[in-house]
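According to Swiss-Prot, the feature active site, proton acceptor maps to 112. What Swiss-Prot records for 13-32, 94-97, 179-181, 205-207, 223 is NAD(+) binding site, and it gives sequence analysis as the kind of evidence. As annotated by Swiss-Prot, Zn(2+) binding site applies to 120, 139, with the evidence given as sequence analysis. Among the features that Swiss-Prot reports, domain 'Deacetylase sirtuin-type' is placed at 1-237, with the record citing sequence analysis.
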């Protein structure tokens, strides 16, 4: 690695939050918490059975606020990296939880939305939401009050803040992917974009992802072990550069 890095982009997926007790979508059988994805994570599913979809996310929202769900060592290490790096750290997460915020990160892009927010299905106005959203809960920001929905990007919808993400990738000198499968686009293409602009690339995963060949460096193991080790290396080189200045 060419130390020190000043513009780091970190892409995180379900693998980083799994160790905190957040259950993930099982790609092998297409189920999420025993529900079919098309039933609970698509606009069509919401139109077909809004009560089912609202209840599904209400349960996920309750689970996220369980006192036993806490940031793990990987989240805390990334928070430390942002706080101590002499430069920019951008967290681009596919996760809808708030564990990066609770781990200390501030510069976070939630490309798939946030579970603790809701939005108007017409105007897209977003509000904080810690309780249940029910069918019949209306947003009064519009001329015609409209149904509130989870602030979550469903399959078939456009991810959020893509312009900001691509701008960060253009200036990144280090791109790290943590806990991602490498099968969901556009996120799976970020490593290629970062490489095209000259960034060093690192994959941290339990096992090789579908795009592992795109990465220059690979580290396999638990995120709670591998991420703190990498952050220690990055900050140690930063300190040595300061001492030698």
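Backbone N, Cα and C atoms are what each Cβ position is placed from, and that goes for glycine too.
Locations of recorded Swiss-Prot features on the structure.
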residue : record                       : CB count, 10 Å
13      : NAD(+) binding site          : 24
17      : NAD(+) binding site          : 27
21      : NAD(+) binding site          : 13
94      : NAD(+) binding site          : 20
112     : active site, proton acceptor : 19
120     : Zn(2+) binding site          : 20
139     : Zn(2+) binding site          : 21
179     : NAD(+) binding site          : 27
206     : NAD(+) binding site          : 14
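On the 0 to 100 pLDDT scale, the model's mean across the domain 'Deacetylase sirtuin-type' (1-237) is 94.
The shortest Cα-Cα distance between residue 179 (NAD(+) binding site) and any of the recorded positions 112, 120, 139 is the one to 112. Residue 17 (NAD(+) binding site) sits 31 Å from residue 139 (Zn(2+) binding site), counting Cα to Cα. Secondary structure from DSSP puts residue 206 (NAD(+) binding site) in coil. Annotation note: residue 120 (Zn(2+) binding site) sits in a strand segment as assigned by DSSP. In this structure, the CA atom of residue 139 (Zn(2+) binding site) is 21 Å away from the CA atom of residue 112 (active site, proton acceptor).
Residue 120 (Zn(2+) binding site) has 112 as its nearest neighbour among the recorded positions 13, 21, 94, 112, 206, going by CA to CA distance. Only 94, of the binding-site residues 21, 94, 206, have a C-alpha within 10 angstroms of the C-alpha of residue 112 (active site, proton acceptor).
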